[in-house]
């Protein structure tokens, strides 16, 4: 889907993801690409971005019966419809195995 697109930082955030999370940490007049790269490489800013992204889109997961960890993992990996996208199940299984969340 997004093969070859640039991902940055702790959570491998892409530019459209950064825009969807509300561009946290962007300074007045700052170029969007510069702000994205800076935020993605800052742990606190990138964590804020992921949380905002999940909060924005988690409503689409309410009918799936998934726990919070699964919702976060699948949205982060698969975008706004990640909870319903079967392509995110493998990512979720890896997270579950690694982190022990359910």
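Every residue, even glycine, has its Cβ placed from backbone N, Cα and C.
Long-range Cβ proximity for residue 49 (disulfide bond), meaning a same-chain Cβ under 8 A and a gap of 6 or more residues, is found for 11, 13, 17, 18, 21, 22, 24, 39, 40. In three-state terms derived from DSSP, residue 49 (disulfide bond) belongs to a helical segment. Look at TrEMBL and you will find 21-49 (among others) tagged as disulfide bond.
The annotation disulfide bond is assigned in TrEMBL to 39-45 (among others).
The number of other Cβ atoms within 10 Å of the Cβ belonging to residue 39 (disulfide bond), over all protein chains shown, comes to 23. In sequence order, 24, 25, 38, 39 constitute the residues six or more apart from residue 45 (disulfide bond) in its chain with CB-CB distances below 8 Å.
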